[in-house]
Amino acid sequence: MNGATGTQVNTADGGGGGGDPVGVQIQQSRRLPDFLQSVNLKYVKLGYHYLISHLLTLCLIPVMAVILVDVSQMNPDDIRQLWLHLQYNLVSVIICSAVLVFGSTVYIMTRPRPVYLVDYSCYKAPENLKAPYERFMQHSRLTGDFDESSLEFQRKILERSGLGDETYVPEAMHQLPPQPSMQAAREEAEQVMFGALDKLFANTSVKPKKIGVLVVNCSLFNPTPSLSAMIVNKYKLRGNIRSFNLGGMGCSAGVIAVDLAKDMLQVHRNTYAVVVSTENITQNWYFGNKKSMLIPNCLFRVGGSAVLLSNKSVDRRRAKYKLVHAVRTHRGADDKAFRCVYQEQDDAGKTGVSLSKDLMAIAGGALKTNITTLGPLVLPISEQLLFFGSLIIKKIFNKHIKPYIPDFKLAFDHFCIHAGGRAVIDELEKNLQLTQVHVEASRMTLHRFGNTSSSSIWYELAYIEAKGRMKKGNKVWQIAFGSGFKCNSAVWQALRNVKPSPDGPWEDCIDRYPVKVVS
């Protein structure tokens, strides 16, 4: 829940109850830094990219030509002399062969094992948990916890949030008065996690006893026994399972969980790993009047995902994707970044998650750090040279020069930008020079399911599959922001033309999308 939402708010007061209503103005004044160059050298870049990408080939052509000319001039006596030379240097041949065999063995034994994504599932709540705009506002008014200023604030947030009328809130929030108890929170967690896992096991035909690694992430709800223990108990997982429960890591924790599962699969051979990503709304609804803590109420909704990973070579044939890279960036050493998404109590003692006015600027810094690490791993050499060249120039000559942002469309076919909020999607679309198609999955996920925290990137991937756009060899970039402050990326490559799994989250509504989101 405590991730980057991207909704910017200016208010005349700092929140709190009572007092005269104040004017509320929602602005987009704090944006991600504008990374783009002032001149768009599109066609020059295309030629440069082609030249650098094929530079090695172009250099090898004259070398191969010279070798072919020399070989064509050799006569049978020259070939015979070469053979005799090899015969009389048998020791050299044996040593070279031994070194070659030893090197090949070391490489095969130490190289990272491929990690395959066999399948995944996304939880879809029942119809009775839908929270249309009008019902949400009416319910907020009837609870009696919000003053007129706070109600007006929430109305403005909802109008510009990008959420539709079919998002879900938990059962406890539909009651009057709301009943945010520990028992209700456990029931929400069970419904979401077990609902996603039941679907995953049914679609993959994998028995729960086969699971060797379990990673669960939920930021704000961490009961005892843990959520991972609840899953072990429900599905009677084996006693030697390696289970992990990640808490307090925000909306980007889904990528962290995948990265942890990947590391475990490098150590433990021939096994499956399950990653469950969710957030719990029931006990984390804010019932106060501090403006910066009301935004999560308007954006976060019920959702969750379950992902099945494997390091078994036999699973490559049926797997959807292969994990290519996982890159994590943490800015927690900076005090402003650390506190920009912060769970605390307001002056009235009511607990909520406060979002700083500097959130977008901090997210921009985390993004720059992340793509600086990711770029060399995925970008063609042409873009890398431009990128690092700009960094050197900036370092030596002028620290105020805008950094060059590589064209990531040359590296990825699809983008799953965490549906944290409309402003985040808008700014990444602008600053990474993406098209509307590239951010369509993110916008439509925000509209249909709201901000489901760490699981949102999986609803987005499901959208791309449901549209029939994922082809063999395509690469997809999942990127998410979270409290701490963090920016994390995962890169997957499709192993086949991927079709949506049965009973997917978009199965009954994909024909209605994309829809136009009202500004």
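Just so you know, glycine gets a Cβ as well, placed from its N, Cα and C.
The region 'Disordered' annotation in TrEMBL covers 1-20. Taken from TrEMBL, the feature compositional bias 'Polar residues' covers 1-11. Positions annotated as domain 'FAE' by TrEMBL: 107-395. According to TrEMBL, the active site annotation covers Cys251, His330, His414, His418, His447, Asn451.
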Under 8 Å by Cβ from His330 (active site), counting only residues of that chain that are 6 or more apart: Gly484, Phe485, Lys486
Distance, Cys251 (active site) to His418 (active site) (CA atoms, angstrom): 8
Among His414, His418, the one of these active-site residues whose Cβ has the fewest neighbouring Cβ atoms within 10 Å: His414
Lowest local Cβ density (other Cβ within 10 Å) among active-site residues: His447, Asn451: His447
C-alpha spacing of Asn451 (active site) relative to His414 (active site), in angstrom: 20
Between Cys251 (active site) and His447 (active site): CA-CA distance (Å): 17
